[in-house]
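K.L.:
First the structure, which I've put down as structure tokens, then a few questions once you've had a look.
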Amino acid sequence: MGASKIVLAYSGGLDTTVAVKWLSEKFGAEVYTVTVDVGQEDDFSKIEERAYKAGAVQHFYIDAKREFAEEYIARAILMNGMYEGVYPLGTALARPLIAAKVVEVARRLGADAVAHGSTSKGNDQVRFDVTVKALAPDLKIIAPARIWGMTRAEEIEYAKRHGLPVGEEHKKYSIDDNLWSRSIEGGPIDDPLAEPPEDAFKWTVSPDKAPHDPTYLTIEFEKGLPVAVNGEKMSLASIISLLNHVGGANGVGRIDHIENRLVGFKSREVYEAPAAVILYHAHRDLEKMVLTPRELRFKHYVLDPQWADLVYQGLWVEPLRNALEKAAEEMERWVSGEVRVKLYKGSLWVVGRESPYGGYSKELADYSAGWYPSDEEARGFIEMWSLHSLTALRRRK
């Protein structure tokens, strides 16, 4: 596999720093690095410095936070994007965007290959490779960690031997964070029976240390998307940042589950995602207020889980994803209103909701007053409603 110009998706971590030197040696190629900012808590000036010290010909920093929020996270909110009903798809959403930005740089430079630091056991290799194949099928894809066969200890030794600037040799956890979530893997997390140590968490306080008084938030939605919190209009990215802060301060947003990876095995995954958890529950509740029972069942049990599966499995480019979103958009144009949530010591409750399009009628729901069907109407309804079941039951005796 020949390549003279390689554009590497660069995080600044051990794998991709070693990859800069390895790619240069292996292929005799010029290596360019790209770091895409999707809201991760990194020192980007240090990452750039590290890239050049590792041998990059040129480093590119791309601020994609707004695009990530408005083109990726927004879709996840509309589609209640939770893989297996639990994981808010933070990493899965970011990888196609990062891959697309790497392809853009590769095109600008006239490169003949792109590279990434994913291993052969991870989901991210699929997400990256499939996106590149869709956008630029002519570009070669190189995944050094799938080729070189080095253990982590051997990577550290390689880095030391070549004088590479790596300062994370003894990390306890593997962390991946962005605007939408923070994932925590490795070390004690790999024991599915052990409670995650408190030092694994950064965005959320332990529920027992959260404030003794609850926090109430009123979230306003327009056509399925949040547009204001407590009456203050703001951008989606700002709303997410605010909810991450407020939710985390109340211990809301910790996720611990066994995940079915697309590469064929189960893994124990721990996440922090306060904003994602709050918006998921608030949005679904508003949908229940507005949508008809048939719309609700179709969206919550067909559209939403299918969409989450596609995104998790690296199929952002799958035509079905777009079709699912188009179907949902027809319903979401009515999902406007306000939802009031209560945050308290790690728990979240929706405690109020209203919408000009809500299907709820107090007159119909109130048992103490209002309209009642007549006895004759009730009997006729019950007779027709139960006919299928009762007919089958009688025939099967």
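Glycine is no exception: its Cβ is also placed from the backbone N, Cα and C atoms.
Look at Swiss-Prot and you will find A9, Y10, S11, G12, G13, L14, D15, T16, T17, G117 tagged as ATP binding site. Under the heading L-citrulline binding site, Swiss-Prot lists Y87, N123, R127, S174, S183, E259, Y271, citing sequence analysis as support. The L-aspartate binding site feature in Swiss-Prot is assigned to T119, N123, D124.
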K.L.:
In the same chain, which residues outside the set T119, N123, D124 have their CB within 8 A of the centroid of the CB atoms that define the L-aspartate site?
P.N.:
S118, K121, G122, Q125, V126, R127, V263
K.L.:
Using a 10 Å radius around each Cβ and all protein chains in view, which of these binding-site residues has the most neighbours: S11, T17, T119, S174, S183?
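P.N.:
Counting Cβ neighbours within 10 Å, the top one is T17.
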K.L.:
Rank the binding-site residues Y87, Y271 by how many other Cβ atoms lie within 10 Å of each Cβ and give me the one with the fewest.
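P.N.:
Candidates: the binding-site residues Y87, Y271. Fewest Cβ atoms within 10 Å: Y87.
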K.L.:
These are the binding-site residues: D124, E259. Which one scores highest on other Cβ atoms within 10 Å?
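P.N.:
Ranked by Cβ atoms within 10 Å, first place goes to D124.
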K.L.:
Compile a sequence-ordered list of residues in the same chain as N123 (L-citrulline binding site), six or more apart from it, whose Cβ lies below 8 A from its Cβ; state 'none' when nothing qualifies.
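P.N.:
T91, A92, R261, L262, V263, Y312, Q313, G314 - these are the non-local Cβ neighbours of N123 (L-citrulline binding site), listed in sequence order.
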K.L.:
Centre the Cβ atoms of A9, Y10, S11, G12, G13, L14, D15, T16, T17, G117, go out 8 Å, and tell me which other residues of that chain have a Cβ in range of the ATP site.
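P.N.:
Sorted by sequence, the hits are V18, A19.
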K.L.:
Distance check, please: Cα of S11 (ATP binding site) against Cα of E259 (L-citrulline binding site), rounded to an integer number of angstrom.
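P.N.:
S11 (ATP binding site) and E259 (L-citrulline binding site) have their Cα atoms 24 Å apart.
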